[in-house]
Amino acid sequence: MIKVAVNGYGTIGKRVADAVSAQPDMEIVGVSKTRPSAEAVIAGKRGYPLYIADISKKADFESAGIAIAGSVEEMIQAADIVVDATPGGIGAKNRELYEKYGKMAIWQGGEAHDVAGFSFSSSCNFDDAKGRTFARVVSCNTTGLCRIIKLADDAFGVEKVRATMVRRGADPGDSKRGPVDAIVLNPVTIPSHHGPDLQTVLPEIDIVTTALVVPTTFMHMHILQMDLKETGDRDKILEMIKNHSRIGLIKGFTGIKSTAGLKEYASDLGRPRSDLWESCVFEDSVSIVDDKELYLFQAIHQEADVVVENVDCIRAMAGDDITAAESIALTDRSLNFEAI
Ligand SMILES: NC(=O)C1=CN([C@@H]2O[C@H](COP(=O)(O)OP(=O)(O)OC[C@H]3O[C@@H](n4cnc5c(N)ncnc54)[C@H](O)[C@@H]3O)[C@@H](O)[C@H]2O)C=CC1
Ligand SMILES: O=C(OP(=O)(O)O)[C@H](O)COP(=O)(O)O
């Protein structure tokens, strides 16, 4: 069994902990919080040993009736590999802790590529993670871009990509962020970080991305245009999407044309937390123009798509020798996840 610690039990960390627990070859040895909170209570209810970043806060937890297993340093020592899901910028500061105890670690997309020197996407570079001590799973948006661009590149070759990310303003449980009534250019400069971020995984792709933020909480929406090297074939693209285990195809007859419709669908499917681990490509948007231009819309559930990638990354780094396809299949099967 691969012993996994999750440092930072928040939006991403709690989902990674649940996904890891569902795997037959992994176990959670601990999760961490900084202060007593609703999520700390949930960690206890899930049976995850709870460790704290600042052990001097132990009394605060105990007076709230929350049992503490020890300090984050103790948690790290108990693990084979640490998934660092602390807020962007904090994770990089934890690197010396992982080095101190000689542990493998995986960071999230809020950290720069340099934190690990290697950025990961299950369907693009699984084998390159093998034997590494450190890796970073690219951000939710970049994960969505990696999946579909790799697919198009494999099918027809991709000459260049131009994409706009319409980003959610805050996660559903976050009442501090906005905007409440604005469309915010984020960033106002071009390109956004997503293109260069994609190139940390697929360096040969010519890509320019732009991004803005809107007052929603569930999912980002991508407007994608790819110039193909060869003449595109819509039916072939659709077939490849249907066969891709991490890309779902939203069919026109469903009437789903929005992130709201997808949220309802995920909920009706009985997905935990309404999570959509797959990218959601709208079938009717998939269009070939002038033979070689491919257009499509895809929605990305920011809280979910990176979760399954973290599980594969753990397996690539700390597991038995296994192929990407085998790991992806095992991860998904263990979660009862079949792309829509
Ligand atoms: N929320 C999202 O939609 C996505 C987030 N990410 C990335 O995942 C990472 C985590 O983001 P979220 O889960 O959204 O953040 P979050 O704020 O929801 O959770 C972070 C957790 O880390 C804990 N924490 C803070 N400082 C800590 C420390 N020093 N030691 C241990 N725990 C500490 C907090 O208590 C909190 O539970 C970031 O790099 C972010 O960019 C990636 C994809 C999507
Ligand atoms: O990794 C994400 O987005 P990103 O790919 O746009 O950086 C997550 O949705 C977190 O984004 P945030 O930095 O707006 O919280």
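Every residue, even glycine, has its Cβ placed from backbone N, Cα and C.
In TrEMBL this protein carries:
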| type | residues | note |
| --- | --- | --- |
| DOMAIN | 2-140 | domain 'Glyceraldehyde 3-phosphate dehydrogenase NAD(P) binding' |
| BINDING | Thr11, Ile12, Gly110, Arg168, Gln302 | NAD(+) binding site |
| BINDING | Ser139, Cys140, Asn141, His194, Gly195 | D-glyceraldehyde 3-phosphate binding site |
| ACT_SITE | Cys140 | active site, nucleophile |
For the domain 'Glyceraldehyde 3-phosphate dehydrogenase NAD(P) binding' (2-140), residues assigned helix / strand / coil by DSSP: 58 helix, 33 strand, 48 coil
Contacting binding-site residues, sequence order - Thr11, Ile12, Ser139, Arg168, Gly195, Gln302 vs ligand 2, Cβ under 6 Å: Ser139, Gln302
Neighbourhood of Ser139 (D-glyceraldehyde 3-phosphate binding site), C-beta criterion under 8 angstroms, separation at least six: Gln108, Gly109, Gly110, His194, Asp197, Val306
Maximal Cα-Cα distance (Å) across residues annotated as binding D-glyceraldehyde 3-phosphate, namely Ser139, Cys140, Asn141, His194, Gly195: 13
Using Cα positions only, nearest of the binding-site residues to Ile12 (NAD(+) binding site) (Cys140, Asn141, Gly195): Cys140
Using Cα positions only, nearest of the binding-site residues to Cys140 (D-glyceraldehyde 3-phosphate binding site) (Thr11, Arg168, Gln302): Gln302
Where the record names Thr11, Ile12, Gly110, Arg168, Gln302 as binding NAD(+), the maximum Cα to Cα distance in Å: 16
Neighbourhood of Arg168 (NAD(+) binding site) by C-beta distance under 8 A, where only residues 6 or more apart in the same chain count: Val213, Val214, Thr216, Thr217, Phe218, Met219, His220, Thr259, Gln302
Cβ under 6 Å from ligand 1: qualifying binding-site residues of Gly110, Ser139, Asn141, Arg168, Gly195: Gly110, Ser139
The one of Thr11, Asn141, Gln302 whose CB sees the fewest other CB atoms within 10 Å, among these binding-site residues: Thr11
Residues flanking the D-glyceraldehyde 3-phosphate site, with Cβ no more than 8 Å from the Cβ centroid of Ser139, Cys140, Asn141, His194, Gly195 and excluding those residues themselves: Gly109, Val138, Thr142, Thr143, Gly144, Leu145, Met165, Ser192, His193, Asp197, Leu198, Thr209, Ala211
Between Thr11 (NAD(+) binding site) and Gly195 (D-glyceraldehyde 3-phosphate binding site): CA-CA distance (Å): 24
Remaining residues near the recorded NAD(+) site, that is with C-beta within 8 Å of the centroid of the site residues Thr11, Ile12, Gly110, Arg168, Gln302: Cys140, Asp171, Glu303, Val306
Cβ atoms near Gly110 (NAD(+) binding site) (within 10 Å, other residues, all chains): 18
